[in-house]
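Written out below as structure tokens is the structure these notes cover.
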Amino acid sequence: MSKTNISGNKHLSERDQKHLWHPLTQHKVSPEMLAITRASGARIFDEDGKEYIDGIASWYTCMYGHCNEAITSKVARQMQELDQVVFSGFTHEPAVKLSEALMEILPENQQKLFFNDNGSTATEIGIKMALQYHHNLGNDRKVMLAFEEGFHGDTFGAMSVSGLSVYNGAFKDHFIAVVRIPVPNGENNTEVVRKLKELVSDYKIAGFIYEPLVQGAAAMKMHDAKGLDDILRICKENEIVCVADEVMTGFGKTGKYFASDYLETKPDVICMSKALTAGLLPMGLTSCTQEIYDAFYSEDISKGLFHGHTYTANPLACTAALAGVELLTSEEIQADIKRVMESHRRFAEKIKDHPKVTNSRQLGVIYAFDLNVKMERYGNLRNKLFKYFMDQGVFLRPLGNTIYISAPYVISDAELEKIYSSIEQVLEEF
Ligand SMILES: *Cc1c(COP(=O)(O)O)cnc(C)c1O
């Protein structure tokens, strides 16, 4: 029997099942998708009219709130001027303006921007820049260095440098060459440096790709800035191209514009996506230093970066990104970031000694802790937690036993309180 939704139509979640194949989903065990019909600020609304606080900003994208007027109005205007044009041989104002605005907030050594379509291709380009940089200079370096539990996306290069998991296991025989080091946690820093030096002498390493300070997919694991700085310094001394994957950490989430701003050694290449376009349209960007760019600059055509996606620098996506950067650098959003950080700090302080809370950690507006319960009592703990939060109108996406918040900067204090109290209820009831 078909159900109907509040518009009186057959349920979308039922129609969905006929033809749609969802990401990161085993349809046999998770057949039903929740249909969302509307979003505004920090809230999303389902087809039955129930509302949820978007505690993860829809995968860390819509940091300035869903359907933010300041962004949608500019994109609507741009849409009537210039929708799309080839970016090879042509340019346009939204791309030029975006490049100028990004240069104001990126680490000072960044000079050039290469467009792509999403986070995976942003890191794919980062990897290609590192490999081809050495190729163009005539160096025999074909190996990438990465952290053991990193996540860099779902395309082949990005999968290769990611830690092994259900995401990439089926393809491991087809990967590019990668060697790995553990993340520095403060206690193992000398051990990590020792391993790094060993790898540097044993392998011809072209580049090091890393998520600076916070590894999102590894369950918001945070690592030691001093330890990462030591690694980056050694990489630079050995002419290893440092590729910061800031797809998750970029655009204010760590409390600074980029996580790399916490580090002394700046990356040669930075990968951006997710909050880049404020959750409105998909786009990725890879920035690099003049030195990297110069290795591709030649009369020899084959030394160029021959990579180009059809929708490269789409004017609408550039317009959304430019509006996003304008918001990010505004006093209002900067004040919101401070407010959310301070609010998380107080909440963390309040629950940190609770016996079920371990590894409580925070950087900027990202707050996470691990729920210390007997996992085997719950079957699939993660799914039970997800459902528990959703029933209370809170959209959080626990990873294993890790509960984390990365909400839009514009979330209200009352909405934050609602997330916190649902977490406190979990601490009571699980
Ligand atoms: C999400 C993510 C990616 C992949 O981005 P997509 O847009 O999903 O392809 C890459 N790196 C990091 C750190 C991410 O968080």
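Backbone N, Cα and C atoms are what each Cβ position is placed from, and that goes for glycine too.
The substrate binding site annotation in TrEMBL covers W59, K274, G308, R397. For G119, S120, D245, H309, T310, the entry in TrEMBL reads pyridoxal 5'-phosphate binding site. Marked as N6-(pyridoxal phosphate)lysine by TrEMBL: K274.
Features recorded in TrEMBL, as mapped to the structure shown.
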residue : record                              : Cβ contacts under 8 Å, 6 or more apart
W59     : substrate binding site              : K274
G119    : pyridoxal 5'-phosphate binding site : G153, D245, V247, M248, C271, S273, K274, G284
S120    : pyridoxal 5'-phosphate binding site : H152, G153, D154, T155, A158, G284
G308    : substrate binding site              : F87, S88
H309    : pyridoxal 5'-phosphate binding site : F115, N116, D117, T121
T310    : pyridoxal 5'-phosphate binding site : none
R397    : substrate binding site              : I56, F386
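Burial estimate for the binding-site residues (D245, K274): highest at D245, by number of other CB atoms within 10 Å. Checking the binding-site residues G119, S120, D245, H309 against ligand 1, the ones with a C-beta less than 6 Å from an atom of that molecule are G119, S120, D245. The maximal spread of the pyridoxal 5'-phosphate binding site, taken as the longest Cα to Cα distance among G119, S120, D245, H309, T310, is 23 Å. Among W59, K274, G308, R397, the residues given in the record as binding substrate, the maximal Cα to Cα distance rounds to 34 Å.
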